[in-house]
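Engineer: One structure, pasted below without further comment.
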Amino acid sequence: MNTKNNSSDWLYTISPKRKLIDLNFKEIWRYRDLLLLFVKRNVITLYKQTILGPLWYFIQPLFTTLTFTLIFNNLANIPTGNGIPAFLFNLAGLSCWNYFSSCLTGTSNTFKANQGLFGKVYFPRVIVPLSVVITNLVNFGIRMLVFISFYVYFKLFTESASQALPTASVVLLPVLIFLMALFGLGFGMIISSFTTKYRDLTYLVGFGVQLLMYGSAVMYPLSYFKEKLPEYSWLVEYNPMTTFIELFRHMTLGTEQFSLASFLYAGTVSIVFFLIGLIVFNRTEKSFIDTV
Amino acid sequence: MKKKDIILKAENISKQYRLGLVGTGTIKDDLKRWWFKIRGKDDPFLTVGESNDRSTKAESDYVWALEDINFEVQRGEVLGIIGKNGAGKSTLLKILSKVTSPTTGEIKTKGRIASLLEVGTGFHGEMTGRENVYLNGAILGMTKKEISSKIDEIIAFSGCERYIDTPVKRYSSGMTVRLAFAVAAFLEPEILVVDEVLAVGDAEFQKKAIGKMQDISRGEGRTVLFVSHNMAAVRSLCTRGLLLENGKNVFESEDINLCISEYLKNEPHSNLTTKYLNEDKKFGITSIKLTSNTNVFDVNDEICFDLKLSQSIVDEYICAFYVRDELGEVLFFSESTDEKLVITKDDNNLKFLFNAQYLLVGFYKITFGIKSKSGNLVDVVKDEITINIVDTYRTRSKRPGKIILPTIWKKVKS
């Protein structure tokens, strides 16, 4: 009798039934300390037992940008438009691209990389991809510092950057960064959910991300691509990353035109990817340990 | 029994697994499942699974790791879940700790469940002991504030104070386990789910860990679900038992000792073939029982037997038994004439006992027999009773040899 009366005040139920979106925000909030500790772990363990330590955060983007400038601008003569220094142009594109791609690859192996952890203890699984995105945000912040330093350097000591001026739309920069994160996170969660059962996707992501970079207007302006290869330009144009990178350069360096339509398009795609990612991720997290 | 305060209730829990490789063929099954689902029908594969007997050949690709498990746990109770390898204990714990979801059925709880299926989950070798305490604590569901308030106790309990700011990769494996268990020991959930984690660490630490578990359940009144193959630990910790076999709940008892005996009865070394050497079976042993309701004995216990005989046709006879170890070697032999006891044909009830202190920890099988005064065997009941000697308080460690004899040690003044 007693149990019947009490049946209403069960705290929670473990059952096979699942809702389409079963995000328990209260629970995620309760685990916020774990999120921060994961971020801390990711940041501090990356360069432990290295001599240069956190300096690597600066060295990496510098050398990649230098190489890109040498190959694509000095050797292949790709114009940057508006007479912006090629180094700044590449640094801007690469910073964005690296942010997106590390969010994507970092979250895409969530289930596989954390199999041991997920198999032993429960916490909201979405914490792990979130921690990857926040960790990358920290890295992105460091890259932005590098970017700003060089920006100031080019402004003060050279004539070449006279055209480079931030536009008023720079106030939308946080939104842009947020949308890029959503896109990378959503895409990554979709991939990680499918790789638990079908490993094929791991290989696809490996070279797919590299190929995607060439289709994301990282080392060339979209206008130049349209001019040279008009029949393929739709491929690059419909890629939301192209929009994000173009917009980022527009906001910070004043290249090209600001197009609200493309901004809305890329934003919508990101949000849709994120929502699909959440749904798929949620469906997977309950049973993946049996299929992984 | 007063008002029942049920904190956790499992109803018809089942879990199905797919056998063999998950590779080709899964898309086909997935599509079929999906096709049934959109038409609003039940999953077609739920009807095909077989019971989970590891040793028999499978007919179907699907198997039930757990089948219709029902149980209730009251607040403050320590439920021991025992069973052979592959009985479904770990699967049940995984479902309880939400690592995987059941195929059917549901579990309702009134408290937060924290699970300890492994110590040191999420430890990162590059981070220091202190950093790992925070990370591991957060993974187990503690907040940073909670950990900060307990960090000194945790470090003291682990006994790793000197190394606490050294990366964990420099730790010995024992130290890692100590630190990891210390974190878990200071968890404060309403329900704690513990898998075989006490099997690690040295004897001193195991004792400490069992003591801590006792504090958690008795002192602080928290509910614990405990899985172990260590019957000594189960016996000293648990108040109730649940025995699983091939994914089914075969035995449940308020008395943990009964549950352990039931489990040990199914051990392969005990077999119940009784063979009468006197063909006409007119006379013999009718029953042989332990007087206690358990066959698990501590090294300090007395082991007492009740022997019942049918009406004798022999005037005078001798009763005997011998004890064999797990390898089948006879350790010792005893008969009623040792005590100059004369048993005549009217004595149908006998009692005899010996002390477990001479035996080492392990399983022993006991064979009983009667013979006539002239030495002719009348009846033998072979390996009828299996007893398990445990060392609950670890007063003696594992020693070489087969038996322990009380020895006198003296200092001699020269």
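Quick reminder: no glycine exception, Cβ is built from N, Cα and C everywhere.
A quick note: this is a predicted structure, and the numbers were derived from the prediction, not measured.
According to TrEMBL, the protein carries these features:
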type	residues	note
TRANSMEM	A:51-72	transmembrane segment
DOMAIN	A:52-284	domain 'ABC transmembrane type-2'
TRANSMEM	A:84-105	transmembrane segment
TRANSMEM	A:126-151	transmembrane segment
TRANSMEM	A:171-191	transmembrane segment
TRANSMEM	A:203-225	transmembrane segment
TRANSMEM	A:258-281	transmembrane segment
Engineer: Counting only residues 6 or more past its boundaries, what in the same chain has a CB within less than 8 Å of a CB in the transmembrane segment (A:126-151)?
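Structural biologist: Those are 23, 28, 31, 34-35, 38-39, 42-43, 57-58, 61-62, 87-88, 91-92, 95, 98-99, 102-103, 106-107, 110, 114, 161, 164, 177, 181, 184-185, 188-189, 192, 252, 278, 281-282, 285, in sequence order.
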Engineer: Given the cut-off of 8 Å on Cβ pairs that are 6 or more apart in sequence, determine whether the transmembrane segment (A:84-105) and the transmembrane segment (A:203-225) share at least 3 such pairs.
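Structural biologist: When sequence-distant Cβ pairs are counted, the transmembrane segment (A:203-225) touches the transmembrane segment (A:84-105), since at least 3 lie under 8 Å.
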Engineer: What same-chain residues lie close to the transmembrane segment (A:258-281): Cβ under 8 Å, and 6 or more beyond its ends?
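Structural biologist: Long-range Cβ neighbours of the transmembrane segment (A:258-281): 20-21, 23, 125-126, 129, 167, 169, 172, 175, 179-180, 182-183, 185-190, 192-194, 240, 243-244, 246-247, 250-251.
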